[in-house]
C-alpha cells in the first residue's frame, strides 16, 4: 500500500507549520517586544548575513545555533553554539552586577550590608555586597523567566519605556545646555585636573571671618598649614587654582577640543590642553586625577563591544516568534539602525557639551563621584539612574530568556550526549532544566563579582558567533546550492566575507591571547562532537564545500596518472561472505589498515550471488556489516557491494568500475583459497585465477595473503622479528615499498627488513649485493641485503614424484567431475527404481568453465541408459588405472623443480620471519594448466606461516629521486 501523503495534506501541514512547542499558546507576539533595545554591531554586515540565513526557510528554536549548524554542520554549530550560550549566560551575570552597582552606588547607598572605613578594604566590602544582592536579584529574574515568557514580555515593555525616557532626557538636557548649562564645576591647578573628593573649596586659601587661612588644598601641596615658612610644590606655587564648567553646554564650542583622539599612558595627569600653565613639572600629587589605564583604540573597542552584543537577542528566541523569517531581519536591522543612531548621536552630544577632562575621568573624581550623564539630562538625574537600572535589568532578563532556549536547541539535536537532559521542557514549552543550568552558571559569574578577566572571553565568544554567521552566508552564496533561496535579497558574499574578516580582526586586535583561548575552547568542543560521531545530515555547507572540493580535485587528478613519487597503494580489498553474510576473513581488513595507516584510498568490495531485485535487502545488510567491521578495524574508506548472477562476473565488475575518475584503486588485495586441493568443486580456485587474470589485464597490482588467519591483529605488536622480501624479478618496486609502508604501523614498527635476491651460477654474487645495497641506500630504505646462490642441480626423484602427483590429481579430478552426474543419478535410481525422474545436473558458479563436464539439460532416465552409463563408468576406472603408468610432462617437471628448490631456500632462510613477501608469477595463458599453476604456488609457499604474494601492475612505484 502506498503510504506517501497526498499533495493536499502535505500542503496543509506546511502552511500551518508553527515552530512554537506544543502547549505554548500563551506566548505572545514576541517579535514586537524588545527589538528596540538590541545593540548594533560595528557594522551591519553580520545583521545582513543573519537576515539572509533567517529568511532561507523556517527557523525553529535555537536562533544563531540553528543557522550555523544547518549551514556549517553539527560540529561547527555545536562548538560555536555552546560558546555563544556560555557568553550569553555570563553576559546575564554582567548585566545583573551592573544593575546592583547602580542600585548600591546611586540609588540606595545605605542598603549596603558590608561596609568598611578603610579605603583598601572598601572595594572588597563592595564586592561582597554585589554577591549577596546579585544572587537575590538572579533568583528573582529566574522566577520571572520560569513563570513564562509572556511575563518576560510584559516586563520588557516596562524596561523599554524606561530606556526610551532616559534617551529622550539626554537629548532634552543637551538642548537645554545650549542656553542654560547646569552648574557642574571642576577644580583645576593650572591645566591639571584636581580631585574634589577631599578638598573643601577650589582655592589655595579661604576666608574665615576677616582672616585668610590656607585651604585643605594648601595642605596637600605644602608642608605647613602656615603661610610663612611653608615649602610648597613648585607647580603649585607657579600656577593658579581655577574652577571651570564641567558641562559648558552645546554652544560652548568645546567639541573642537574633543574632536581628535589623544590616548594617554597609565599614571598620566589628565590635563586641559587649551588652558595655559607654567612650564614646571612639580611632583605627581595624589590629588591630581590620573589616567587609570593605558588607553588605545583596541582597548576602547574591547570596552565598547559588550554593549553591542544584543544583535542576537531576537534570534535566540526564534522559537517564540510567530514568523521568525519576517521578524528577525526587520527587527534586527531596525534595532541596529535605531541604536546606532542613539549611540553615535550621544557620542557627538557628549563631545559637544562636556569638557574632555570630565570625559576622561573614569571614576568621577573631579566631580565628587556624580553621574555626569545624569547631570546633563533634563529634568532630573534620577531619570538616567532609573533608566540605566532598568536597562541592565531588561538586558539580564533577555539573556536569561534566550540562553536556555539556545541550550535546549543544542540538547534536542543530540550532538552532545551529556546535554540530552536539558532538551526537556514544561508543558508550555519553557526549558526548565536548561534554565536551572543557566542560573547556576550565571551564579558563578556573580560570585566572581568582578568579571574584568572573564568579560574579554565573552566578547570573543560573541565575535566568534558573528564570524561564523557571516561565513555561513558567504559559503551558501558561493556554493549556489539549490536550497539557498533567501527572501532577503540585500546581501552579497563579499559583504559576508568583509564582516567575517572584521570579526576575526577585532578578536585579535582586542586581545590576541583571549582570542586564542576562545578558539581552543571552541576547537575542543568541535573535536568532542566529532569524536562522539554526530551523524547528522542537515545538508550543511561544509558538506557542499567538500563535494565541490572533491569534484575539483577529481577533475585535476583526471589530467594524468600520478607521478612515481606520489604513488601509494590505493586498495580494493575483496572480501568473501558466508551464508549469513558475515565476512569470512576479517584479517584482510586488518592487514589493509596496517598497510594504509589511514592514508590514501581503500575500497572494500564484495559480491552477493543472485538477482539484484531479489537480493537488494541482503546487499544493504551486508554493506552495514562490512562498514561496522571497517569501523572496528579503523579502516577509513568506502564499501562497495555488487549483486551479480555469477561470482566471477561480480568481481570483474568491482575491479573495472570501483572508484571515480583519478581516485581509483591501483592494487587488489585478496586471500588465498585455502583447501582448494580437497574441494571437488573447482569454483574457488577458478574464481581466484580468474581474478588474477582480470587484475593483470587491468594493469593493477595484486596482493594475495596466504594463511591470512595467522596475520596479526591491530592489538598485537611484534617486539622483534623480520619482514623478509624475496626479490626474484623486478616488479616496479612493489616489493621494496610494501615493507616500508607496513613498518609505519605500530604492529610491524619494530621488525627489521631483509631483502633476498637469487643469483644464478653465471652471476657475480658479491657485485649484486653491493649494487642492491647502493640501490636501497638511494631509495632511503634501511634493510639487510643477502644474495642467495641457486646452482643448477639434477632434478630429484621428489620433484618427479610431486609433478606426477599433481598431474594424476588433475586427471582424477576431471574424471571425478565427469562421473559425478552419473553417481548422483545412480543414487536416485536406487531410491526409486520404478520411477521415471527428471534430474538436474549440479551446476556451479562457473558454468562456462565446467560445461564440458556437466550436462545442462533435463533428461529422462531409462534402464537402457542406466546400463550404458555402467559401461562408461567401467571405462573411467580403466582410465584411472592408466594414470598410474603415465610419465609427467617435462615442462611441468622443470617448473616444479624451480618451485621446490626455491621453496627449500626460502624456508631455510625465512622460516622464522614474521612475514614473507614473494613475487607472484602470472597464470598460464592456456586455462588447461590452471590447476598446475595453483600447485606450483602451493609448493612455492609450503612451510611458511605468513606469506604475501605480490604481483606488480606494470609501472614503477618507487624512485630514487626526491
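Cβ coordinates are placed from backbone N, Cα and C, and glycine is handled just like the others.
Automatic prediction, not curation, is the source of TrEMBL annotations.
Here the structure is a predicted model, which means the values were calculated and not measured.
TrEMBL lists transmembrane segment for one of the ranges 391-412, 457-478, 523-544, 545-566, namely 457-478. Between the stretches 267-287, 288-308, 582-602, 603-623, TrEMBL puts its transmembrane segment entry on 288-308.
Counting same-chain residues at least six beyond the ends of the transmembrane segment (288-308), those with a Cβ under 8 angstroms from any Cβ of the stretch are 39-42, 91, 94, 189, 192-195, 261, 263-270, 339, 343, 357, 360-363, 365-366, 455-456, 458-459, 462-463, 506, 509-511. Non-local neighbours of the transmembrane segment (457-478) in the same chain are 41, 45-46, 48-50, 52-53, 56, 64, 67-68, 71-72, 76, 80, 83-84, 86-87, 90-91, 94, 302, 305-306, 309, 311-312, 451, 484, 491-493, 496-497, 499-500, 503-504, 506-507, 510-511, 514-515, 517-519, 522, 541-542, 544-545; each lies 6+ residues outside the stretch with a CB under 8 Å from one of its CB atoms.
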